């Protein structure tokens, strides 16, 4: 068996596949040390198992908007909480989004591996999907703009990112944001998606409405709900049985599996709760004997089938006259710039493909362009922005070093398209625990915020709390940036005017804020200007990480990376720490995610 494995790895390495992906033994320059074909395949499957939950979670979150369904509830039911026709339409949207999420994840991951040769998998990002669903479109379409216009903002974002990436502006902008603010944004998004995981509309249902405090405990049975206000309990909180299986099996059991480093722990928790919820005769069934329950059960019984996208395909409304579209677009741009840029930097370093001289990674411009292209394609399919996932760290820990890892994950996503009935039958209380766990991993960024200097700490704190309290990422960013301009700008001006005599006592503890070194032009443009005919190829002096980190699946600590990169031009807030495989539960410890800022 061992001989067969070695034989396959050797033959592939010497083929055009090995030369294209720089496998060890291929004979090309810049071989990826330790890269083997079958190891790459295993790493790709591992990454897929760590992030496959996004298929059902993303569909559940986005379908809460109602998509392009039309609500005809009338004055008695203005947002269609009890409208069977609208509920059936939302189920159709969710099934479309199952296919759309799997399809765009397949395409984007495959392209990232094939052209950028990076072991990084892409999918619709956590955090951004929550902002899209609950802040922009709103629950059952009660938000700022309709579903079609929100997709128009995402579609335009992708093409703007393409231009910014080619010109190098995207990478440059990511390095200008103060580190504490970016960390607070990621942590605030973590609180945001954890809050959603506790709500009835997208999660377990522990939280409900409260007449005095706006938010309180929920989870009462249908007969104890206020008929005029969604999810407000008149009496008897925490009485709904689905809450408890979501808490103990989808939550605590999943965390225990992660503590013991069981691969695919989040997926195991989601599937366990789902399987318990599938029998129709129980109190926790996902298929009650109602028209919507009957329709869902009929689709579930198909098990394996191809579900074409019917309602969300090209549902974009290209009306860019609405000012709210531009507000959403700016927020998507900001969060996504930090999200994908931070993830790609951290995963490239974790995989050992960073270039120490240029403080950049191989094929960075190609990777950013693929991400931008995937965002627009995702909008055409009806989903929120696509981004790189921190779960890629699990595959890298398994030995993934080349684009073959991402391509293998893409093939797995393609196969999952044909299991849409299974993914469409996963209830919200099965995925709510995953959202809370993801949020808990994302909020750990707060330990790296500069709390010593109030000029950095207060803007970061405002960003952190306003995002979940306002249910809107954009408002958190506005609060943080506004506070930062005042609290960093005024001391800076007084310091300049007084010649350094008027300044806060601990002014030296502040984080520097200014334009980054290294210039604006991307690496390909600098090489082209020097007359390099192969300006699109990676430099030959890329270096690997220390071997003990790669072999044990561990990344250097943040302090080690910051010390190692002082003076190299790498922005400290982009030198993220890749989590151990059992902690790579969301998108990114700094995201949307998802996310990652």
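Backbone N, Cα and C atoms are what each Cβ position is placed from, and that goes for glycine too.
What TrEMBL says about a protein is an automatic prediction, not a curated fact.
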Of the residue ranges 106-128, 267-289, 290-312, 428-450, the one that TrEMBL records as transmembrane segment: 267-289
Stretch carrying transmembrane segment according to TrEMBL (options 24-52, 53-81, 459-487): 459-487
Annotated stretch (transmembrane segment, per TrEMBL) among the listed ranges 325-345, 493-513: 325-345
Of 216-240, 366-390, the range TrEMBL labels transmembrane segment: 366-390
Region pair the transmembrane segment (150-169) / the transmembrane segment (242-260), three or more CB pairs under 8 Å: no
Remote residues contacting the transmembrane segment (402-422) - C-beta distance under 8 A, at least 6 residues beyond either end: 17, 21-23, 32, 35, 37, 40-41, 43-45, 47-48, 51-52, 55, 95, 98-99, 102-103, 105-110, 112-123, 299-307, 392, 395-396
Selection from 181-207, 267-289, 366-390, the stretch that has most Cβ pairs under 8 A to the transmembrane segment (459-487): 181-207
